[in-house]
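Peer 1: Found this in TrEMBL, in case it helps:
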- 47-63: compositional bias 'Basic and acidic residues' (COMPBIAS)
- 78-118: compositional bias 'Basic and acidic residues' (COMPBIAS)
- 1-42: domain 'UBA' (DOMAIN)
- 150-232: domain 'UBX' (DOMAIN)
- 47-153: region 'Disordered' (REGION)
Amino acid sequence: MAELTALESLIEMGFPRGRAEKALALTGNQGIEAAMDWMLELVAQKHREREEREEREALERERQRRRQGQELSAARQRLQEDEMRRAAEERRREKAEELAARQRVREKIERDKAERAKKYGGSVGSRPSPPAPEPAPVSSSPSQEPPTKREYDQCRIQVRLPDGTSLTQTFRAREQLAAVRLYVELHRGEEPGGGQDPVQLLSGFPRRAFSEADMERPLQELGLVPSAVLIVAKKCPS
């Protein structure tokens, strides 16, 4: 009867029947107090186990977070290194392409010079052009016809550079003045600090500065045929 009373008392206190019966049995039916102590200890033990489990889980989550952070940092560093490597390779490729393009332009100009020299028998160099031959005296005989004006297909241009040197080249009479400027820019040599300043072409005498519109006009239209002397002056960038 005492056991039944203890069990009912525990149930009235809110303990589950199964747990109350187990507590009374494991404590040797020593009464309500012993059973309550056992159940409270069980609850405390489960609470400690839950706290320990949560602490272990929190530690594991922190380890995973740090590991993921390290992996993310390593991946970001690898990505930056790859981008830097690709950028360096792109710069090297662009520089190689630029050098190759400049070399092709130089080779084309050399081929053009060789072809002109072979076709017209003129030498290409930096020597000044020979003076034009003086016209033969015209006879005063009324029966002689007036001489016809000679048409020139070639134009020999001597270009004097600011450093005192000169360039001499033969061009077609119908070529634009821009071809002469391009030839000068490619053959005047590299200036200190790399890069080249734009040039301004001047006629020798009378002194005349050629404009951008003149660059598109043929040499024969500008009065530079069959030969002429041009002067290079540095052109201030606009």
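Note that Cβ sites are derived from N, Cα and C of the backbone, with glycine treated the same way.
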Peer 1: Go ahead and report the DSSP secondary structure tallies for the domain 'UBA' (1-42): helix first, then strand, then coil.
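Peer 2: Here the numbers are 32 helix, 0 strand, 10 coil.
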Peer 1: What residues in the same chain, six or more past the boundaries of the compositional bias 'Basic and acidic residues' (78-118), come closer than 8 Å to it by Cβ-Cβ distance?
Peer 2: 124, 154, 169-170, 183, 186-187
Peer 1: Report the DSSP secondary-structure composition of the compositional bias 'Basic and acidic residues' (78-118) as helix, strand and coil residue counts.
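Peer 2: Helix, strand, coil within the compositional bias 'Basic and acidic residues' (78-118): 41 helix, 0 strand, 0 coil.
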Peer 1: Taking helix as H, G and I and strand as E and B in DSSP, count the residues of the domain 'UBX' (150-232) in helix, strand and coil.
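Peer 2: Going by DSSP assignments, the domain 'UBX' (150-232) contains 14 helix, 29 strand, 40 coil.
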Peer 1: For the compositional bias 'Basic and acidic residues' (47-63), jot down how many residues DSSP puts in helix, in strand and in coil.
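Peer 2: So the compositional bias 'Basic and acidic residues' (47-63) is made up of 17 helix, 0 strand, 0 coil.
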